[in-house]
Amino acid sequence: FAAVSVDCSEYPKPACTLEYVPICGSDNKTYGNKCNFCNAVVESNGTLTLSHFGKC
């Protein structure tokens with residue numbers, strides 16, 4: 001079983017595209033794309049993690 005992860009090393013970014021590729025975070029919130037998710041991960045000081053790809 002491989003752990004799902006997202007590489008957020010190039011974030012945070014000042015602006016995200018409107019591309020819709022939903023990611024479900026460990027906070028049970030659906031993020032619109034990797035950029036939005038990674039920005040939130042950075043803001044949470046790493047406490048937010050990936051639950052799964054797709055809507056929560």
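Just so it is clear, glycine is given a Cβ too, placed from its N, Cα and C backbone atoms.
As the structure is a computational prediction, the values presented were derived from the model and not from experiment.
Taken from Swiss-Prot, the feature disulfide bond applies to Cys8-Cys38 (among others). Reduced to three states, the DSSP call for Cys38 (disulfide bond) is helix.
Reduced to three states, the DSSP call for Cys16 (disulfide bond) is coil. Cβ environment of Cys16 (disulfide bond): Gly32, Asn33, Cys35, Asn36, Asn39 lie under 8 Å away, each six or more residues apart in the same chain. The feature disulfide bond is assigned by Swiss-Prot to Cys16-Cys35 (among others).
Among the features that Swiss-Prot reports, disulfide bond is placed at Cys24-Cys56 (among others). Sequence-distant neighbours of Cys56 (disulfide bond) (same chain, 6+ apart, CB under 8 A from its CB) are Cys24, Gly25, Asn28, Lys29, Thr30.
Taken from Swiss-Prot, the feature domain 'Kazal-like' covers 6-56, and the record attributes it to sequence analysis. Residue counts for the domain 'Kazal-like' (6-56) under DSSP, split into helix (H, G, I), strand (E, B) and coil, are 10 helix, 9 strand, 32 coil.
Annotation comment: Swiss-Prot describes Asn45 as N-linked glycosylation site. For Asn45 (N-linked glycosylation site), no same-chain residue that is 6 or more apart in sequence has a Cβ closer than 8 Å to its Cβ.
Most Cβ neighbours within 10 Å, among the disulfide-bonded residues Cys8, Cys24, Cys38: Cys38 holds that distinction in the structure as shown.
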